[in-house]
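As recorded in TrEMBL:
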- 33-53: transmembrane segment (TRANSMEM)
- 50-287: domain 'Rhodopsin' (DOMAIN)
- 74-96: transmembrane segment (TRANSMEM)
- 116-136: transmembrane segment (TRANSMEM)
- 148-169: transmembrane segment (TRANSMEM)
- 189-214: transmembrane segment (TRANSMEM)
- 226-245: transmembrane segment (TRANSMEM)
- 265-286: transmembrane segment (TRANSMEM)
Amino acid sequence: MESGLDLMAFSTRYTRETKRADIRESAHWSRTLISIAVTFVAMATISFLLRLWSRQKTKWKLALEDVLMGVGLVFSYLLSACVIIAACNGVGYNIWALPRQTQGRVGLVFWLGQKFWVLSHVFVKLSIILLIRRLLYIAGNWQKVTSGLILFTIAWGITTIVGNALQCLPPRYFWERNIDGHCPDNQEAFAITMGSMALAEDVFLLVIPIMVVWQLKLVRTEKIRITILFMFGGVVCIFGILRVIELIHYQAENLTASGAFEVTWAVIEINLGIVCGCVVLMRPLLHSFVTFLKRYLSRGKEPLNSDC
C-alpha cells in the first residue's frame, strides 16, 4: 500500500516537474524566436533602405530586381509575423500538451509560414539573379545559365507551394485534426528534397558571380573587392545547411516541439539573403564610409601644434 502511494506521489511530482520544464523551454523559445525575428527583419529592412539610398546616390533608376526584393521583404515580414505568433502559442511544448484551440492556431500559423518562406525565397532569389545579370553584363553561355536559373526558381516555387498546400487532404486537416482527413508519411522527405534543391541553387548563385568577376578585365584589387561582397552569400548557405539538417529531425505530427530550430534558421536565412542581395549595391556608400574613415584616421595621426 505504501509503495503504491509512493509511486503515485513520484508520478505526480514527475508530471509537475516535466510540466515546469516544458514551461521554461517554451518561455525560452518564445523570447529567442521573437528576438531573432525582430532583429533580422530590422537588418533586412535597413539593408533594403540603404539599397534604395545607393540607387538615389548614384542616380540609377529603380529596376525590376529592386521591386522583386521589396516584395520578398514584404513576405519576410509575414513570415516573421507567423514566427512571433507561433512563439506566443506554445513553441517548445509538445503539441499534445496544448489546448485544442491553441493546437489549431499554431498549426495554421506554421502552415501559412511555410508558404510565406517559399514566396519570399523565390522573389529574393529572382532579384539576385537579375542583379547578377545586370551588374556583370553576363552574355553568351552565362546568359543562358541565369535564364535557366530563373525558370528553375519559378518552377521550384510553384512545386513547393503546391506540395506544401496539399501535404494534408483536405489542407485544413493540417491544423484541424478533429475533421476527417489524412497526411501522407512522406511530408518530411518532400521538405528535405525541396530544401536541398534550394540550397544547391544558393551555392550555385554564390559561385557564378565570382567566376564571372575573375573573367572580367578589371584590376586585381577591384576583383577582390567584388568577390568579398559576393562572398557574404556564403553565410546564407551556412544557415541553409542548418535548416536542411533540422528538417531531417522534423516531426510534422509534433511541429511545436520539433519545428523551433527549423523556423529559427528559416527566418535568419531569408533575411540574411535580403541583406546579402542589397550589400552588393552599397558599394558607393561603403566607398564613402571608407574614405571618411581614412580621412579621420589620417587626421588623428597629424602631429599636434606646439607653442613650446
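Keep in mind that glycine also has a Cβ here, set from the backbone N, Cα and C atoms.
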Do the transmembrane segment (265-286) and the transmembrane segment (116-136) share at least 3 Cβ pairs closer than 8 Å, excluding pairs fewer than 6 residues apart in sequence?
-> yes
Counting only residues at least 6 beyond its ends, the same-chain positions whose CB falls under 8 A of a CB in the transmembrane segment (226-245) are 192, 195-196, 198-199, 202-203, 205-206, 209-210, 213-214, 218, 261-262, 265-266, 268-269, 272-273, 275-276, 279-280, 283
